[in-house]
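Q: Please find one structure pasted underneath; my questions will follow.
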Amino acid sequence: MQAPACAWTSQRRVAPRSCCAARHDGAPVGRADGHGRQKDAAMSRRLQAGLEVVSHMAALVGEGAVWCTRSSRLLWVDAWANAVLRYDPVTGAMESWVLPQRTGCVAPASDGGILVGLQSGYWRLDPGSGAVDAVLTLDHADYNRCNDSVVDPFGRFWCGTMNVAGLNGPRTGELFGWDGHGQPVRRLEGLGLSNGLACSPDGRILYFSDSHPAVNRVWQYDLDGATGALSNRRLFFDTALLPGRPDGATVDADGCYWIAAVDGWAVLRITPDGRVDRRIELPVAKPSKVAIGGARLDTLFITSISATLDPSQRAAQPLAGHLFAVHVGPIGVAQAEVRLQG
């Protein structure tokens with residue numbers, strides 16, 4: 001079937017790199033939009049120096065950011081719009097495709113396609129033709145959906161699911177590992193909000209978090225690269241004493257764990273020994289996923305959420321739902337592709 005275009009695509013020619021430059025006194029200055037009008041001053045004041053807004057419109061639930069080395073573009077999703085998006089930081093173009101179900105996560109595939117986690121299972125999107133085809137149906141309850149994912153260095157696709165009712169539903173989420181053929185293997189179950197999936201650079205450690213308010217923790221597992229087996233679960237980081245909950249994450253070349261603190265207005269970097277050594281303040285309460293990309297793997301991309309805000313919160317957060325970028329230095333790790341084996 002063919003994936004239709006949506007509002008993201010119809011407006012992708014609007015210059016998206018609306019950045020906030022720093023004045024010599026350190027205060028931010030808004031850049032004029034396409035009609036010559038200055039961006040809202042309050043909006044600009046909320047942006048710290050170096051933080052850019054790179055989307056031209058707000059997502060409902062921006063999620064799933066991952067850098068595709070093959071295409072030199074950022075893949076991400078607007079989950080509640082059922083949309084897969086692809087951003088080119090060189091040209092500023094934003095492409096999008098609408099899929100038949102709620103999208104949760106994406107990953108670059110070894111055949112040049114994009115693997116997409118939907119409610120029913122995994123689908124493949126051909127970004128050239130726009131064709132989408134079902135790959136497999138997950139053996140899980142129909143009230144669960146895909147939410148977060150990572151590809152380990154061995155080409156294995158890890159996907160965490162959650163109850164479609166979110167925080168109001170029971171903890172029915174699961175974690176699946178898939179080698180690119182056959183059926184995925186269920187590795188964890190009884191989860192609230194599966195999140196925070198990332199791998200250490202050597203592929204020996206898998207990170208996983210549960211964003212349910214009753215949990216709010218990040219764990220490490222030893223990962224067997226040959227079999228995908230997980231063992232030796234241990235607590236890596238407890239977010240109970242910090243604002244926000246653990247959402248989407250990535251790991252840099254130094255082995256540090258970057259995580260979006262949803263409801264915490266920030267992105268945190270956590271060292272391998274569990275210390276927060278960097279905090280990036282944001283103008284939005286709900287950052288949702290981070291990825292390091294760019295030609296030199298030196299840019300941190302951050303998705304965010306707007307859909308769950310009430311009118312007063314939206315007024316206070318005019319940039320909610322946008323995609324952000326900030327230079328962090330060449331510390332990224334090239335993202336592995338899902339090893340599709342037919």
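Yeah, the Cβs are placed from backbone N, Cα and C, and that goes for glycine too.
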Q: TrEMBL has GLU63, ASP247 binding divalent metal cation. Which one of ASN144, ASN163, ASN168, ASN195 is in the same site?
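A: As annotated by TrEMBL, GLU63, ASP247 share the divalent metal cation site with ASN195, chosen from ASN144, ASN163, ASN168, ASN195.
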Q: Between the Cα atoms of ASP247 (divalent metal cation binding site) and ASN147 (substrate binding site), what distance do you get, rounded to the nearest Å?
A: 10
Q: How long is the line from the C-alpha of GLU63 (divalent metal cation binding site) to the C-alpha of ASN147 (substrate binding site), rounded to the nearest angstrom?
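A: One finds 9 Å between the Cα atoms of these residues.
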